[in-house]
């Protein structure tokens, strides 16, 4: 016969297992509790997006966006322009966990190594030829040259890049599983911060002298 104290310990153990098991419902973003929540961009951004605009003020135009028709005006890297469709430019995306980017590359254009802390990324090459790749936490590079019609995937938080290796222009359309994925460019995160990362940190990191670090910082206007 199992003693009452033994049964109590077994019950406690089962409860602890249930509490600490990472069920998908605990690790994923919460599901929306309404059909939509068009962002009120005049309000303050909260922990889970913007507050909803009153339904009486919502129109069909809130669910359509033409900002990806033309090249964007966000300059990133060398010879690359971005057009953004995130919650701040397309308020209808609020709470839906989605956003997109159009990137246009001049010949030789590069999106330098960077990460998106809040999203995985997938995209398709629309025009041209691109070398794309990402680096794992084991320092393994996965890369490939892609042509028009081919897709790529960058897991969340991993450093990745895209380089136009064709003779002409290139263009991609990219989707994220976040309404505001964020971006951290590796070069600017190290050499163009305010206040600057101390030279002592950077010289020890890259095993070079102050003269090399100062030269690199000068390229970023730091």
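Note that Cβ sites are derived from N, Cα and C of the backbone, with glycine treated the same way.
Some features that TrEMBL has for this protein:
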type: BINDING; residues: 114, 116, 121, 160; note: Mn(2+) binding site
type: BINDING; residues: 116, 121; note: oxalate binding site
type: DISULFID; residues: 37-52; note: disulfide bond
type: DOMAIN; residues: 66-214; note: domain 'Cupin type-1'
type: SIGNAL; residues: 1-27; note: signal peptide
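Feature map: annotations from TrEMBL on the structure.
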residue	record	contacts (Cβ under 8 Å, 6+ apart)
37	disulfide bond	49, 50, 52, 94, 95
114	Mn(2+) binding site	159, 160, 161, 183, 184, 185, 186
116	Mn(2+) binding site	154, 156, 157, 176, 178, 181, 182, 183, 184
121	Mn(2+) binding site	153, 154, 156, 160, 174, 175, 176, 181
Can you check how the pLDDT averages out over the domain 'Cupin type-1' (66-214)? 96
